[in-house]
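What follows is a set of notes on a single structure, which appears directly below.
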Amino acid sequence: MAGGAFIDESGHGGDYEGRVTAFVMITCIVAAMGGLLFGYDIGISGGVISMEDFLTKFFPDVLRQMQNKRGRETEYCKYDNELLTLFTSSLYLAALFASFLASTITRLFGRKVSMVIGSLAFLSGALLNGLAINLEMLIIGRLFLGVGVGFANQSVPLYLSEMAPAKIRGALNIGFQLAITIGILAANIVNYVTPKLQNGIGWRLSLGLAGVPAVMMLVGCFFLPDTPNSILERGNKEKAKEMLQKIRGTMEVEHEFNELCNACEAAKKVKHPWTNIMQARYRPQLTFCTFIPFFQQLTGINVIMFYAPVLFKTIGFGNDASLISAVITGLVNVLSTIVSIYSVDKFGRRALFLQGGFQMIVTQIAVGSMIGWKFGFNGEGNLSGVDADIILALICLYVAGFAWSWGPLGWLVPSEICPLEIRSAGQSLNVSVNMFFTFFIGQFFLTMLCHMKFGLFYFFAGMVLIMTIFIYFLLPETKGVPIEEMGKVWKEHRYWGKYSNNDDGDDVDDDAYF
């Protein structure tokens, strides 16, 4: 594969002692529950904004506008309302800014402290939303939820990457994405049940139940140790070595511990990680911590996850059918993520990126063509039962392609490629870019659908093609490489090597590769 610098596992990961212990498995499973926070919020919003009780309470003008338009708008534009989409997407702006603060706290006080803060903030937001009596209370609750998501998404992937042995780091890190998909599925099921409840109980229950994953994570945090990397970063060598011995299940950890110490010494020399990550020698990390989350959102996946009920209604599904279809796609998302857990450390990151990208391109084009055939440019048309089943099957194939590629790898790769001295900054950059474009897609998707019509699916297919080419030429394989030896991967890559071997941070010729 062009541009792929493959590293033999025996040359890196095989010389560390230890085994996969029950202790490290349990701690990683508990930590991964942080993904439930993000997943539940992604899945719940679309159902809540479709409840008339909720709209009557907080957005009566929007409800009247929608009722007055019935029968006069095209299928593509029937749900286009910026105020409603702002309710969904505003959380992610709060998460964006919180991720920068989380970077500093994670570095100074440890990954565990950031997870506790994230849990408390998310729990506070869930309580405020579930008990909201006015729009101000609702928005403040959304901001607290955003802070919780920002802290959890910044700290949990780092925690998992640092705790896991190199040979199964991918599988354990994907536990975070699996928890996200379980959260989405749980929200889809809640959305199916709660609209049947009267007197405003439905939307309150939907929003308030976000507190359940927050409590689970908060309780779990009290039983989690901090990572050896983080303990060492804060100056306690003896405790760090003891923790490394515990999670590796052996006293023979000298080689790995020495690598951690070397990385820590390098990190101590870095006083301003946000300045350092801009240096030439960190150009690969800067590139992937920026472009992977950017591309992840432009796969179009959150179109399905945010607005699944609305999207299915838009393309002709009935109310119950749209909610059931959202549950089905959520289940496919979970099962396909489980597939990635078993395949990521066997086939590698690049193989999953490329296969998943191809699958998403084909299915997006097929969905766009099907909708264009049935509704045309004017949005007038309808779907037969067979047509609806075909579109649902295509969307499920698309979700599966994402769930074993860009979904988990979008969190795994940025969290494992950065050296300790810029790791918190790199992960914070990853989260902030992800949150910004999550906000962008959430805010403007319904408007884009109204104006671009079925061509929107072609747009996302084109973006997936671009990102697949990007991965093919520029991403080296990181399977089985110990996290503190990741620098060797970049030095051996035919493009990134000129940056990673440039210890002085001088500018280099970008055209040399071409």
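Note that Cβ sites are derived from N, Cα and C of the backbone, with glycine treated the same way.
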- Message: Would Swiss-Prot have Leu135 on the same side of the membrane as Lys241?
- Response: no
- Query: Under 8 Å, at least three CB pairs between the transmembrane segment (205-225) and the transmembrane segment (321-341) (pairs 6 or more apart)?
  - Reply: no
- Confidence over the topological domain 'Extracellular' (372-389), expressed as mean pLDDT on the 0 to 100 scale, is 73
- Message: Between the transmembrane segment (351-371) and the transmembrane segment (138-158), are there three or more CB pairs that fall under 8 A, provided the residues in each pair are separated by 6 or more in sequence?
- Response: no
- Paired segments the transmembrane segment (170-190) and the transmembrane segment (429-449) in contact, 3+ CB pairs under 8 A: no
